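Feature annotations, reproduced from Swiss-Prot:
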BINDING   Arg40, Arg46  NADP(+) binding site
BINDING   Arg140, Ser141, Ser142, Gln261, Ala262, Gly305, Lys320, Pro321, Ile322, Ser323, Thr324, Arg346  FMN binding site
Amino acid sequence: MLRWTTAGESHGQALIATVEHMPAGVPVTKDEVSYQLARRRLGYGRGARMKFEQDALTFLTGIRHGLTLGSPISIMIGNTEWDKWTTIMSSDALDMEDPDNVAAMSSGRGAKLTRPRPGHADYAGMLKYGFDDARNVLERSSARETAARVAAATVARSFLRETLGVEVLSHVISIGASEPYVGAEPTFADIQAIDDSPVRAFGKDAEKSMIAEIEAAKKAGDTLGGIVEVIVEGLPIGLGSHISGEDRLDAQIAAALMGIQAIKGVEIGDGFEEARRRGSEAHDEVFLDDNGVYRNTNRAGGLEGGMTNGETLRVRAGMKPISTVPRALKTIDMENGKAATGIHQRSDVCAVPAAGVVAEAMVTLVLARAVLQKFGGDSLSETKSNIDTYLKNIEERMKFEGLEDGA
């Protein structure tokens, strides 16, 4: 089974992405990984850190001459600001008799962080793990970790492209209380136009409304969340399964998206709006003509019974406002219990555009895993052969002899 993990801290020496059980022969380039990481840094309302957060890439294992080997793949993303953090984030014990260490750890970025931010992992993490310094929590809980997920997903993107010819895209539906995008569904041909938008919007009216929201929040010393949508065209019927809850593809996608920092809700297709409809208005009727099976609607978002049904996969995720609010929120000091305001780290007003790219990454990884679960293969060519056989069987199954015109 395809498996991915990440390691590293926000201000540590590096982040590591590991991908296991990817078939041999999948093309991967540093340029493509760098391109996807750059997309993650996009967005109106990003903080100053994005100017520093360049991504120094190293392919450590599992790739030779631009192709995967079938062995574990590990990708390292170096921290270009590491020289500023070598003492503070040192993995070795510090000699606190050394005046330089004392100075580094007693003020500025090295000072102990004892005022947990409401909405962040600080408070629960300090208590759960017995830490007296919130840095031990926030370094790993930071959304900087998602850079490693995007790197891992770039390998999965190539796998999906090579095996199924599909691409994964996202766009921002709304930010804060902006007017949500309502209009034609974008296709992958629109991805450059979406990325060229400062808020990754597909529609100028929605873009203007989102930018206005961000400007207002910035002036008010506040932060914003929003809604992103991920779209995937061309998936075959039958990825996932109805057999058990954990095998349902919608459950896997929802879990992966909810695992992104600050994501608070997920809906497939029309999602919660479906709950307001009657059954006769909620489901996508099936028709057959000379060109094959078709539907006039896609309210299910491409998933029925935990399986892809051949329609476009459509998923939305809701991101809460960033927890590091410039006008710091009320909290308590964990050192003495006194009333305080939350610690302030360099952060963004709005990271919703970037969240769309991360959501793409997680959907990509889940889909790649589903493809390998369904079709297997130790090499790319073997997986493609298995897919071709399956698709031919589906095509044969859907040929109906003696069907009268209009039947």
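Any Cβ shown, glycine's included, is placed from N, Cα and C.
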Within the chain of Ala262 (FMN binding site), which residues six or more apart in sequence place their C-beta under 8 angstroms from its C-beta?
Ala143, Gly225, Met319, Lys320, Ile322, Ser323, Ala351, Ala355
Of Arg140, Ser142, Thr324, which is closest to Arg40 (NADP(+) binding site) if I measure between C-alpha atoms? They're all binding-site residues.
Ser142
Rank the binding-site residues Ser142, Thr324 by the number of other Cβ atoms within 10 Å of each Cβ and report the first-ranked residue.
Thr324
Nonlocal residues around Arg140 (FMN binding site), in sequence order (Cβ under 8 Å, 6 or more apart):
Glu9, Ser10
According to DSSP, which of helix, strand or coil covers Arg40 (NADP(+) binding site)?
helix
Secondary structure of Ala262 (FMN binding site) (DSSP, helix/strand/coil)
coil
Excluding its own, the Cβ atoms lying within 10 Å of the Cβ of Ile322 (FMN binding site) add up to 26
Quiz question: given the binding-site residues Arg40, Lys320, which has the greatest number of C-beta atoms lying within 10 angstroms of its own C-beta?
Arg40
Secondary structure at Ile322 (FMN binding site), reduced by DSSP to three states
coil
